[in-house]
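Participant: Pulled from TrEMBL, these are the listed features:
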TRANSMEM  26-48  transmembrane segment
TRANSMEM  60-78  transmembrane segment
TRANSMEM  85-105  transmembrane segment
TRANSMEM  117-143  transmembrane segment
TRANSMEM  287-307  transmembrane segment
TRANSMEM  322-343  transmembrane segment
TRANSMEM  355-373  transmembrane segment
TRANSMEM  420-439  transmembrane segment
TRANSMEM  446-465  transmembrane segment
């Protein structure tokens, strides 16, 4: 098609319009996913404060079930349901975990057994959902990136980086907003409402109800995103790609979609034959084991921050205002991680992805060292000296949520992505569960040494993984082409 209406009278070729439907659909998924998960993260942050021991048991049950589901069932569930319905079902179950908070708050204090039982049920269901929710997100991410690469005529690695950055920014920003939501209800903090024969804080009950409503609405909204297993090929007639990279990407996309269509109607024997795919990946792609300590380091660092810093140091320093201070500081982690996403992406293009991810792991190590050095509580003024703990966790999380996820997408591709992302869930969930159950019996120095050791092992493991990937032919499913 030629363009002849230019003032100069010269004909110019009309540039084809790029189809960004895959990117827009991915952003829709990211927003809904982030709202659903953000409510869970917010409830996890306040459950111990509001439910006491029941909240602690709930968190422990969540992380244990989270790790077990990732190990045994996540790949099979994702292949049986397909990418979209895995997200819908997992998000719906996740919502039940959020709903268990206001329901438990309504139970009278003397019904302690019932409250613990309800909390355990909520944590178990939430952990089961988390175990395959993140694997579903990883599969949807990989298929969306392939499709976006075809539509925009870019390399798969570039599409992975673009979508990873967009997802991380959306995810962390919405988590920040949802964690800060209780602050807006402070005027109601001293008002009580009579429920089932006892008084309950109206603000606590309202925040639990709002989180539940948001979680359920987001889960319902996920039914409206594209089902990538139904149509692997994007409509890109205006800008066809005939390169070898495009052909390989299209073939991989077709194979992944065909696998999803096949397993959606698979017989039970086929379903159960996929259980253990996570372990099978250990033998076939052992590099996933070298990357596991990175996932564990994030979980242990988060547990150290939540238990020792927020649970003890902040409580000791701020007294009656500890809940407000803890909420603000927790939101600060999400804010820092979100703000650093574009910085991390730009730095990865300039100095390489390994340097950025290593800097994130060093942030976790620095947090452990800071806890180790703070033996007598926070120095005055506490509102200033507490900030470095959360800034370091935020900096580390920026690399974990963005660069780390893109690394998995590039290394394993759509075919192995369900099992690969399940390994992220397994390593992070198992490490978090161990930390939450053992930290109460450890001293501050022992906890800090444990977290620091995890970060050190993660650094060594990641360097070894990069070396192995570079030396193995075909070690990366989507070879990254760094800009000159």
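Heads up, the Cβ atoms here are built off N, Cα and C, so glycines get one too.
In TrEMBL, annotation is done automatically, which means it is predicted and not curated.
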Participant: Between the transmembrane segment (117-143) and the transmembrane segment (355-373), are there at least three Cβ pairs closer than 8 Å, leaving out pairs fewer than 6 positions apart?
Facilitator: no
Participant: With pairs closer than 6 in sequence left out, are the transmembrane segment (287-307) and the transmembrane segment (420-439) joined by 3 or more CB pairs under 8 Å?
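Facilitator: Judged by the Cβ rule, the two regions touch, with the required three close pairs present.
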Participant: Which listed stretch (26-48, 85-105, 287-307, 322-343) has the most C-beta pairs under 8 A with the transmembrane segment (355-373)?
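Facilitator: The stretch with the most close Cβ contacts to the transmembrane segment (355-373) is 287-307.
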Participant: For the transmembrane segment (322-343), name the stretch out of 26-48, 60-78, 85-105 with the most CB-CB pairs under 8 Å.
Facilitator: 26-48
